[in-house]
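Student: This structure is in structure tokens; I'll ask about it shortly.
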Amino acid sequence: MAIDVFYDDDADLSIIQGRKVAIIGYGSQGHAHAQNLRESGVEVVIGLREGSKSRAKAEEAGFTVKTNAEAAEWADVIMLLAPDTSQAKIFAEDIEPNLNDGDALFFGHGLNIHFKLIEPADNIIIGMVAPKGPGHLVRRQFVDGKGVPCLIAVEQDPKNNGRDLALSYAAAIGGARAGVIPTTFEAETVTDLFGEQAVLCGGTEELIKTGFEVLVEAGYEPEMAYFECLHEMKLIVDLMFEGGIANMNYSVSDTAEFGGYLSGPRVIDADTKKRMKDILTDIQDGTFTKRLVANVEGGNKELEELRASYNDHQIEKTGAKLRDLMSWVKVDARAETA
């Protein structure tokens, strides 16, 4: 099924230019949205909690910084870019009391709306503008006259102008230079969580760790296992990123390609696919979100325990030692966060 893609010619930039936008949060996405909007002629303020360490950065960049509540009261478009686990509290305490008829509440990710952790009144536009890239890339591409593709969605549209507003916002941060793709809160939320859990974070992490363990337990040096199972992952992913899986197979040796075809399905088999479907079900029916909320309400105890156990793995100690030999790794990391 073909998807619609919208570009600058499809967007009316004057719509968002006629609004007052509050960016709640000044992290990776927040700083990029705010600066790109401002340079597109949009009036922007930053909303931060009292004592936020990001305040100095926002003020240094020339923004007016208000409390979350003050920013929400001032604005008629509020983009909530605080962490997912903080959003419901910020909404209840600071945003909801300051919403007026026709205001728009935008998100960069759909979790809190789709799973009804946040439920604005019926007279509020609920929308999403989600660049498919980290904030530093959104900013850098904008400065270079380009853009990062964006997803947009509208969950609630009392005045039938939400989609035009979301498209205008996406254009103002550079998204329509590359392409803006309409979706739904449900599709964005479920696919994003599934990708993180089954493939990008959870799946990849366990694959790397298990491969490392198999080699070390077979008597091979941890350093060799690290190089082969983790370090070279970037080389392979970069090839897939640039041209797809076929490009990766074309670029590696015939030995690697042939071995991959034979052994890949032995690692990721029908049972793995079934368990991935179980993960998808847990996401769709809210099981994961309930556990996420319980973790937050419990003071992040489960998260901290899991983090500590993973950070103590031998692969972390081996990697720290080997990365000290790689001067280019630290240089690349600094460039990505600049």
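Residue 1 is the first one shown; counting continues down the chain.
The backbone N, Cα and C atoms fix where each Cβ goes, glycine too.
Per Swiss-Prot, the features are:
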type: ACT_SITE; residues: His109; note: active site
type: BINDING; residues: Tyr26, Gly27, Ser28, Gln29, Arg49, Ser52, Ser54, Asp84, Thr85, Ser86, Gln87, Gly135; note: NADP(+) binding site
type: BINDING; residues: Asp192, Glu228, Glu232; note: Mg(2+) 2 binding site
type: BINDING; residues: Ser253; note: substrate binding site
type: DOMAIN; residues: 3-183; note: domain 'KARI N-terminal Rossmann'
type: DOMAIN; residues: 184-329; note: domain 'KARI C-terminal knotted'
Student: I'd like to know which of these binding-site residues, Ser28, Gln87, is least surrounded, judged by other CB atoms within 10 A.
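Tutor: With the binding-site residues Ser28, Gln87, fewest surrounding Cβ atoms within 10 Å: Ser28.
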Student: Which one is closest to the residue listed as 'substrate binding site' in space, judged by CA to CA distance, out of the binding-site residues Tyr26, Ser54, Asp192, Glu232?
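Tutor: So, spelling it out, the nearest of the binding-site residues is Glu232.
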Student: Give the mean pLDDT for the domain 'KARI N-terminal Rossmann' (3-183) on the 0 to 100 scale.
Tutor: 97
Student: Out of His109, Asp192, Glu228, Glu232, give those recorded positions positioned within 10 angstroms of Thr85 (NADP(+) binding site), comparing C-alpha atoms, in sequence order.
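Tutor: Cα within 10 Å of Thr85 (NADP(+) binding site): none.
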Student: Looking at the binding-site residues Tyr26, Arg49, Asp192, which has the shortest Cα distance to His109 (active site)?
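Tutor: Minimum Cα distance from His109 (active site) across Tyr26, Arg49, Asp192 lands on Asp192.
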Student: Out of these binding-site residues, Ser54, Thr85, Ser253, which one has the fewest other C-beta atoms within 10 Å of its own C-beta?
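Tutor: Looking at the binding-site residues Ser54, Thr85, Ser253, the Cβ with the fewest others within 10 Å is that of Ser253.
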Student: Looking at the binding-site residues Asp192, Glu228, Glu232, which has the shortest Cα distance to Ser28 (NADP(+) binding site)?
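Tutor: Comparing Cα positions, the candidate nearest Ser28 (NADP(+) binding site) turns out to be Asp192.
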